[in-house]
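Here Swiss-Prot flags C24-C40, C33-C58, C62-C70, C71-C76 as disulfide bond, drawing on similarity to another entry. The annotation signal peptide is assigned in Swiss-Prot to 1-21.
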Amino acid sequence: MKNLLLTFLVVTIVCLDLGYTLICNRVHGLQTCEPAHKFCFSKTVMPFPNHPLTLMGCTYSCPTERNAVCCSTDKCN
């Protein structure tokens, strides 16, 4: 009986994420954020005329630019 309970405990620990980490979209794939990063962001910049560049990922605080999107749930950007 003790072995069964121990097995369930191990499976629970392995299957559950003990510390919540935010997951944000990137241009190519997903990014698991560090614990200090609380927001996902997306913003478009124009480094050259007619060549927009989209930046996406995790951040400590929300960008203040008017073309930036900031959110705090998984894959929201």
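Glycine is no exception: its Cβ is also placed from the backbone N, Cα and C atoms.
Structure with Swiss-Prot features highlighted.
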{"residue": "C24", "record": "disulfide bond", "Cβ neighbours (10 Å)": "24"}
{"residue": "C33", "record": "disulfide bond", "Cβ neighbours (10 Å)": "18"}
{"residue": "C40", "record": "disulfide bond", "Cβ neighbours (10 Å)": "26"}
{"residue": "C58", "record": "disulfide bond", "Cβ neighbours (10 Å)": "20"}
{"residue": "C62", "record": "disulfide bond", "Cβ neighbours (10 Å)": "15"}
{"residue": "C70", "record": "disulfide bond", "Cβ neighbours (10 Å)": "17"}
{"residue": "C71", "record": "disulfide bond", "Cβ neighbours (10 Å)": "15"}
{"residue": "C76", "record": "disulfide bond", "Cβ neighbours (10 Å)": "16"}
Alpha-carbon spacing, C24 (disulfide bond) to C33 (disulfide bond), which is rounded to whole Å: 7
Secondary structure at C40 (disulfide bond), reduced by DSSP to three states: strand
Spatially closest candidate among C40, C70, C71, C76, the listed disulfide-bonded residues, to C58 (disulfide bond) (Cα to Cα): C40
Residue from C33, C40, C62 whose C-alpha is spatially nearest that of C76 (disulfide bond), among the disulfide-bonded residues: C40
C62, C70, C71 filtered to the disulfide-bonded residues whose C-alpha is within 10 Å of C33 (disulfide bond): none
Euclidean distance between Cα atoms of C71 (disulfide bond) and C62 (disulfide bond), Å: 8
Helix, strand or coil at C33 (disulfide bond) [DSSP, three-state]: coil
Whole-number Å value for how far C40 (disulfide bond) lies from C71 (disulfide bond) (Cα to Cα): 5
Where C62 (disulfide bond) sits in the secondary structure, as DSSP reduces it to three classes: coil
